[in-house]
Amino acid sequence: MNILTDPLKLKTSGCADANASKCAEGDGEGSVQVQLDPNVKIGSAKVFSIYGKGGIGKSTTSSNLSVAFSKLGKRVLQIGCDPKHDSTFTLTKRLIPTVIDVLEEVNFHSEELRPEDFVFEGYNGVMCLEAGGPPAGTGCGGYVVGQTVKLLKEHHLLEDTDVVIFDVLGDVVCGGFAAPLQHSERAMIVAANDFDSIFAANRIAAAIAAKSKNYGVRLGGIIANRSKDTDQIDKFGERTGIRRIAHLPDLDVIRKSRLKKMTLFEMDHTDEILAVQQEYLRLATEMWEAKEPPIEGKPLKDRDIFDLLGFD
């Protein structure tokens, strides 16, 4: 096993020597640490994690962002981290087998697998992988992510990759599903212009802040999705310092693209579609160039979120 879990009150183990003192600090009171084996790290690729409230459009956002990076000439790998394993659906036009599926077929003897058993090429050369997850109520999503990265390294599949995008299950911020943060440089939060998704975004921002104590991940900002307006997101940003970095409007054509098993870059080039494509390309360029400093926002307490947004 390449991921260790320890209650904060226990002495930590499995951290690299250089980070031992930081790992011993933990993420916060009462946290359970999901620690990486120091040998299981993604190499030189830029790594981004996409979080957000369940059903907010993370997979659509992740897939179109992956294509945008590929249009910029980058070699992209998208990793779906949801048991539904539909993150890469619009890229590959099908539900591909998960890492857990293929490992089970060989009784978890990973040396028997070939890269083509679990990595599939999607639209415009984007490489696609679905980590999957343990059966409901059992196991740890963080372990699954760790096994996935380990498998990629064993087959040298990260050596020719410029960008890795983790598309992460819903708004679960437990130690397991926060595991992609330990690999990432930046974590982006997808949110709509409504109370529920901003409430979830605030919780996720707190999880990112906790992980940033011990790892290199920093908050990249909020991607406003399925929203005509952004006034509530911007109001939240003014209070917390967590800025909006993109705005993807509430267009029916975006919903239809998923029904057609297409990314937005494959749809008919209407003015609406071209505008959204340009927004994705702009965002991908900014994420790659990383000219903006990381966000040092201050998430609010739950009660303060209600006071800020809940009683208008």
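Just so you know, glycine gets a Cβ as well, placed from its N, Cα and C.
In this structure, K84 (ATP binding site) belongs to neither helix nor strand by DSSP; it is coil. Per Swiss-Prot, ATP binding site is recorded for G55, I56, G57, K58, S59, T60, K84, N225, R226, P249, D250, L251.
Cβ neighbours of S59 (ATP binding site) (same chain, under 8 Å, six or more residues apart in sequence): G80, D82, D86, S87, T88, F89, T90, D167. Swiss-Prot lists S59 with the feature Mg(2+) binding site.
DSSP classifies C140 ([4Fe-4S] cluster binding site) as coil under the three-state reduction. According to Swiss-Prot, the feature [4Fe-4S] cluster binding site maps to C140, C174, an assignment based on sequence analysis.
Spatially close to D250 (ATP binding site) yet at least six residues away along the chain are R226, S227, K228, judged by Cβ distances under 8 angstroms.
G57 (ATP binding site) counts 23 other C-beta atoms within 10 Å of its own C-beta, drawing on all protein chains shown.
The least crowded of the binding-site residues K84, R226, judged by other CB atoms within 10 A of its own CB, is K84. Between the CA atoms of K84 (ATP binding site) and C140 ([4Fe-4S] cluster binding site) there is a gap of 15 Å, rounded to the nearest whole number. Of all Cβ atoms in the protein chains displayed, 12 besides its own lie within 10 Å of the Cβ of G55 (ATP binding site).
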